[in-house]
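Database features, via TrEMBL:
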| type | residues | note |
| --- | --- | --- |
| DOMAIN | A:12-42 | domain '4Fe-4S ferredoxin-type' |
| DOMAIN | A:73-104 | domain '4Fe-4S ferredoxin-type' |
| DOMAIN | A:106-135 | domain '4Fe-4S ferredoxin-type' |
């Protein structure tokens, strides 16, 4: 099986803000477009116009309803792609060394020329983040746009993953989570960023920012002074109006 | 296995070339970078420099490559050979197609131009298509606004000279509290998402008011699951609370609105309810400094909101008094409305208090000097950082116009329109009613129409009626039934043409409008009308011409098809004369250009519809499309964009025109190289507003002067916001029997009740025709963000996200009917029934069900397999909605529309539900239409270049 590096120089990854994600799927399709044209085999689609269309996507958005103990139900949009785990079970399970974690930035990749399409890595991944391409027979996964983020042919500001560049609500952030001073690390610290399923022991690099509390209608008293009546009926209101206009 | 890391090229070439154009995957019109490899489209991303999207791009935009390459693309002009609806066609040449069109249209123009009904759907070239229709001479032209959001647009123009979306947007950088009403997942798409992101970044609060907690409402800090159709009542309760607490911006109301304008209150006067005006026609106010009458715009006047004026036995009182009397009434108290709105009174009060707190306790003050139209200079710009947005959700009800008015009134009372932190107009807006045309409908064989089709009536004198009082237009726009139908009523065209009411037509000409499917109410009925024959066996609607790029449901019903290009193969202009893409700090316009040439090998090919109209216009000898020598004036649309002038110096594009000293923006002569300049500039051009002109635009002298320099106005047009809308009162007066143009008797009562010059709320009109107990559930649709307004073929990538549309039921109804996800329900309205799969959603108003709109497709359309889930399990709610309300025993059939604007009342729908056995497919089932395009591929391994 395949070894993981002891450490990596940097821990590049995504921070996804669940308070801001509106579930628009922009990241899903931007990813599909970039990775169909770039890194490895195109992301194919089976029966694209048929009864049961399916295709390879490296990033998908799931939506979950949550019913809090009090208050109305909530809807959380949850984008999910490879979390580039520090203890990536998909790498260690790989029989050919095709799956690997890069020492310089921690990105987990599949070397498609060595991939035999056995699917063990997809079984090992607790997040369901890998997808076998049905046309090519190789395993596909998020590359963190490794062919964008260092690409000298792109303007510097575009050297971010396609999903981050396109996200309309700014819910996706990219950076070095190994550097406590990086903007993404600061954001994680400020907003209580979380690991996905930490009990799996995979030490995911990507972090999720939790939704802020919703529907806090409780305390009326603070605001009550703002609705102190000046009048209860039109005549009184007009008298107030006349007085108020004098003070303008 | 040890560590081994392959060599990886992390700097591969991205593409051969990037071409910058404008997206057309929805109505948002973002800038896109189209990456090409070997001359083919390889990848699409957002243009960072573009004012609309600033680099981001939604799912639709990124999926444009699949739209451009869709198997449903038409390939050649088509002539129908089978019966209508069969989808049986033969390909013909362009010459034959154009000659056929001329043979049909020339006799109409020469004898009775109104017999052509030309309606465009999601058309982004309305200033051009309307110009063509005007030149043809038919009064029967409009786009799709009448069934979309005309209530919002019209209420905004009449109230404050602009509405949401294209007209203006929240001050995303300063606002502290944002309230979003109803379905608004598009209009516009990326800017609202970007704005919400900015608010979240700054910790500003978002309140969502929507029966359905999806999309933007899912990230709202607080959610108000309102009962559909009651938004207006909720807003008036907020107004009640704010007035009662005196939490209104008196200075703003006195200076910038008609709150101080005096109204004639003598019931016997022919001017009862109209404004007191001076000899110049200017509305009068009382000057608080002198106590005397003054014109509203007199230099240094201090309009008084409190006083009243009596003259010649007639009492005149300011609008402010009428508002206080109306909205302080107990019927608008939170307790009085809570049950109906489904919102507890305490919560209504809490929201009112939050609005008051943020608006008045936490104002934004910018140290920016500006001078108002009365000549007064202000050292600061003070704003109320509360903003709002709404679109179809509140609009698509029969009380939508007044609800939109109520929302604008709330904004204005808070002093939050055109002030920092509030709502900001985007040039060429603000533009008061007075700066808009009135409707025109006078026809003369062989001649152009006497003016623009669409406009804003100021009173009954501007209705589009013929001399005998019958409607001049086939859609009955601008008639007593819906006097302010500023966008026309596209949803009534086919049923009126079929009924020959008000008259029969010869040719129906549609562009980008899927009227045989998701864009019509009563879809099955419309399909029957399109195929119905008279006693001679001829079609009741004799001829149908369609232009579309794809094999839609409507295409199957056309006799002649003029195939359009995809959006990457065409010229277009996003014009300031049309529906612009400006930002609050800059006007902007943009182009599309063929980043790849149209390519349909082996077939006659496709042409941009606007270029076809240039050709057709010349063949028909339309004056605007023919040179003096009789030859074709515009070779194609690009030629028109470059050379057409609406007025001297004003063309479709405002950038890179020719002035006396070289290139200029705004007004100037045509420039042969204009399109090249736009292409070099990234496909768009911005015209920036100076900071001192950026707020208070309707009253800001610096803004007004800039707008004149740009050609938006001929002269400065400062005006007051119209809390009280006098044109509405003029229609009410007519209904009361005053004036020489009188409505029919049966409409008087409804007009008096609904055309109130101050915002009101009344229950959706269908509630008077359908028993709310028999039909207790509201049924709504939304379009998913990844598909909204993307009318093209089912996209290979997007349909994997949104290929299915169950009916979502709230917990109460799932339990009551003992349903589980995937079970089937029969949905019954007063018009019909459908049987469809259901799913549970807890975050819903307890008496609301909903589904994604327009996922359902007809078998055979869009190059989808006949067993695609869109065709077998997908469905439309349209089958449950009739364009007319059910009979109620008065011998009349009332339109299912807003009585003021004619807006289609999609969201008034009430239903009841029954559990059903699995019927195998969603009901009703329609037989498959033939497909004029070949079957789609079974696998996609899309890649271009080497």
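Every residue gets a Cβ built from N, Cα and C, even glycine.
For the domain '4Fe-4S ferredoxin-type' (A:106-135), the list of distant contacts is 8, 10-13, 40-41, 43-44, 46, 54, 56-58, 80-86, 88-100, 141-144, 146, 178, 196-197, 200, 202, 204-205: same-chain residues at least six beyond its ends, Cβ to Cβ under 8 Å.
DSSP assignment over the domain '4Fe-4S ferredoxin-type' (A:106-135) gives 5 helix, 5 strand, 20 coil. Taking Cβ pairs closer than 8 Å, the domain '4Fe-4S ferredoxin-type' (A:12-42) reaches residues 55, 57-61, 63, 75-79, 81, 83-84, 105-107, 110, 112, 133, 135-136, 138, 140, 142-149, 161-177, 184, 187-188, 191, 193, 204-212 in its own chain, all 6 or more past its ends. Confidence across the domain '4Fe-4S ferredoxin-type' (A:12-42), taken as the mean pLDDT and rounded to a whole number, stands at 97. The residues of the domain '4Fe-4S ferredoxin-type' (A:12-42), classed with DSSP into helix (H, G, I), strand (E, B) and coil, number 12 helix, 6 strand, 13 coil.
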